[in-house]
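Shown next, in structure tokens, is the structure this report addresses.
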Amino acid sequence: MSNDSIHWEARYLPAGPPRLLGWNVPAEELIHIPEHWLVYPEPNPSLHYLLALLYILFTFLALLGNGLVIWIFCAAKSLRTPSNMFVVNLAICDFFMMIKTPIFIYNSFNTGFALGNLGCQIFAVIGSLTGIGAAITNAAIAYDRYSTIARPLDGKLSRGQVILFIVLIWTYTIPWALMPVMGVWGRFVPEGFLTSCSFDYLTDTNEIRIFVATIFTFSYCIPMILIIYYYSQIVSHVVNHEKALREQAKKMNVDSLRSNANTSSQSAEIRIAKAAITICFLYVLSWTPYGVMSMIGAFGNKALLTPGVTMIPACTCKAVACLDPYVYAISHPKYRLELQKRLPWLELQEKPISDSTSTTTETVNTPPASS
């Protein structure tokens with residue numbers, strides 16, 4: 001069935017049966033929409049409006065949270081450490097991920113592909129840059145945490161090394177956004193209710209299948225493996241360290257080898273382990289649905305991918321942009337102190353960190369990390 005015939009049938013259905021997706025799309029724009037979506041009934045307008053309101057909430061929370069992170073980390077001298085440059089890079093990714101949501105919101109309030117292919121390409125390019133950039137930054141933060149905690153004497157990255165890492169992150173990320181928009185490999189197309197856009201995972205060609213498998217490997221699997229590996233190593237290191245301390249204390253006939261300052265920090269190592277689990281969970285929760293959906297579209301049963309189902313992964317990806325600033329930075333004591341200093345009306349009541357805190361604790365208090 002050709003795009004033109006689908007368009008004709010959608011416009012001239014007799015009164016009674018629901019209109020099909022794409023009924024209000026100009027004929028010249030239909031070529032940009034995978035035929036898969038054009039056989040589904042148009043959703044109730046209230047679903048469009050509900051999603052638009054949800055995205056307005058996501059946008060407000062993400063811009064506020066990530067904007068505060070960028071402001072505080074750049075303004076506070078005590079927070080301008082090499083490790084925190086990764087946190088700022090992640091906040092920039094999450095901030096700009098939500099900059100594109102007005103396109104989705106406008107399309108939703110107009111119940112369809114209102115901004116056309118140009119809006120779609122802008123939406124997808126920004127989404128690819130920020131989504132893949134955030135994934136690789138998460139992996140870099142995992143390595144930084146592992147290196148700092150496992151090798152506290154010589155494992156900390158210098159400012160120059162972190163800058164090099166960030167340059168490499170964007171060098172790795174940018175081609176995945178440019179290739180589809182320039183028509184070099186893959187393409188960006190509308191999906192779901194035709195209000196959002198992503199890379200094409202539905203067209204039944206070898207080129208698209210290879211592209212989907214490649215981007216799935218390089219933008220999802222590799223960061224995921226690195227994150228899980230480095231955080232599992234952190235947890236293993238913490239467990240072994242605690243075990244060694246207990247055994248040494250037993251040999252010396254004392255209850256603990258920790259100083260009062262370390263005791264009052266309430267086992268910072270445990271906080272690292274908890275942060276690690278949270279980070280892995282958030283990454284899996286936010287990006288796995290999208291990864292699974294794209295693989296089903298390219299290699300599985302496409303009938304499983306209804307418009308409503310495909311809107312769920314899009315929402316989970318946006319939700320994590322709201323959560324990242326809270327997991328990475330707002331739980332960070334030094335960040336909270338600086339926030340309290342600049343915005344006292346928040347009444348955070350964060351206690352100043354003692355200078356006598358152990359090396360391990362200081363390592364932990366580099367911003368706790370998050371998909």
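A Cβ is built for glycine as well, from the same backbone N, Cα and C atoms used for every other residue.
The disulfide bond annotation in Swiss-Prot covers C120-C197 and is backed by sequence analysis. The secondary structure of C120 (disulfide bond), as reduced to three states from DSSP, is helical. Within the same chain, the residues at least 6 positions away from C120 (disulfide bond) whose Cβ sits under 8 Å from its Cβ are H32, F113, F188, V189, P190, C197, listed in sequence order.
Annotation source Swiss-Prot lists N-linked glycosylation site at N3, citing sequence analysis.
Residues or ranges marked as N6-(retinylidene)lysine in Swiss-Prot: K318. Cβ neighbour count for K318 (N6-(retinylidene)lysine) (all protein chains, 10 Å cutoff from its Cβ): 26.
Marked as topological domain 'Extracellular' by Swiss-Prot on the basis of sequence analysis: 1-52 (among others).
In the predicted structure, the topological domain 'Cytoplasmic' (74-84) carries a mean pLDDT of 88. Look at Swiss-Prot and you will find 74-84 (among others) tagged as topological domain 'Cytoplasmic'.
Here Swiss-Prot flags 106-121 (among others) as topological domain 'Extracellular'.
Look at Swiss-Prot and you will find 143-161 (among others) tagged as topological domain 'Cytoplasmic'.
The topological domain 'Extracellular' annotation in Swiss-Prot covers 183-209 (among others).
Taken from Swiss-Prot, the feature topological domain 'Cytoplasmic' applies to 231-278 (among others).
Annotation source Swiss-Prot lists topological domain 'Cytoplasmic' at 324-371 (among others), citing sequence analysis.
According to Swiss-Prot, the transmembrane segment annotation covers 53-73 (among others).
Sequence-distant contacts of the transmembrane segment (85-105), counting only residues of its own chain at least 6 positions beyond either end whose CB sits under 8 Å from a CB of the stretch, comprise 51-52, 55-56, 58-59, 62-63, 66-67, 69-70, 73-74, 115, 119, 122-123, 126-127, 129-131, 133-134, 137-138, 140-141, 144, 159, 162-163, 165-166, 169, 195-196, 317-318, 320-321, 324-325, 328-329, 367, 370. The transmembrane segment annotation in Swiss-Prot covers 85-105 (among others) and rests on sequence analysis.
The annotation transmembrane segment is assigned in Swiss-Prot to 122-142 (among others). The list of residues near the transmembrane segment (122-142) in space but at least 6 beyond its ends in sequence, with Cβ under 8 angstroms from a Cβ of it, reads 86-87, 89-90, 93-94, 96-97, 99-100, 103-104, 165-166, 169-170, 172-174, 176-178, 180-181, 188, 196-199, 219-220, 222-223, 226-227, 229-231, 279, 283, 287, 317, 321, 324, 328, 369-371.
The transmembrane segment annotation in Swiss-Prot covers 162-182 (among others).
Under the heading transmembrane segment, Swiss-Prot lists 210-230 (among others). Outside the transmembrane segment (210-230) by six or more residues, the chain places 131-132, 135-136, 138-139, 142-143, 145-146, 172, 176, 180, 185-186, 199-201, 279-280, 283-284, 287, 291, 294-295, 297-299 with a CB less than 8 A from a CB of the stretch.
Sequence-distant contacts of the transmembrane segment (279-299) (same chain, at least 6 residues past either end, Cβ-Cβ under 8 Å): 131, 135, 138, 142, 198-199, 201-202, 208-209, 212-213, 215-216, 220, 223-224, 227-228, 231, 305, 309-310, 312-314, 316-317, 319-320, 323-324, 327, 369-371. For 279-299 (among others), the entry in Swiss-Prot reads transmembrane segment.
Secondary structure of the topological domain 'Cytoplasmic' (143-161) per DSSP (helix as H, G, I; strand as E, B; remaining residues coil): 11 helix, 0 strand, 8 coil. Counting same-chain residues at least six beyond the ends of the topological domain 'Cytoplasmic' (74-84), those with a Cβ under 8 angstroms from any Cβ of the stretch are 144, 148, 156-159, 161-162, 334-335, 338, 342, 366-367. Through the fold, the topological domain 'Extracellular' (106-121) approaches residues 21-22, 24-26, 29, 32-33, 42, 45, 48-49, 51-52, 55, 181, 188-190, 193-197 of its own chain, all at least 6 residues removed from its boundaries and within a Cβ separation under 8 Å. Counting residues 6+ beyond its ends, the transmembrane segment (303-323) has Cβ neighbours under 8 Å at 21, 36-37, 40, 43, 47, 51, 54-55, 58, 61-62, 65-66, 94, 97-98, 101, 131, 134, 191-194, 196, 198, 202, 282-283, 285-287, 289-290, 292-293, 296-297, 370-371 in the same chain. Same-chain residues lying 6+ beyond the ends of the topological domain 'Extracellular' (183-209) with a Cβ under 8 Å from its Cβ atoms: 21-22, 25, 32-34, 36-37, 43, 47-48, 51, 104, 107-108, 112-113, 120-121, 123-125, 127-128, 215, 290, 293-295, 297-299, 302, 305, 307-308, 310-311, 314.
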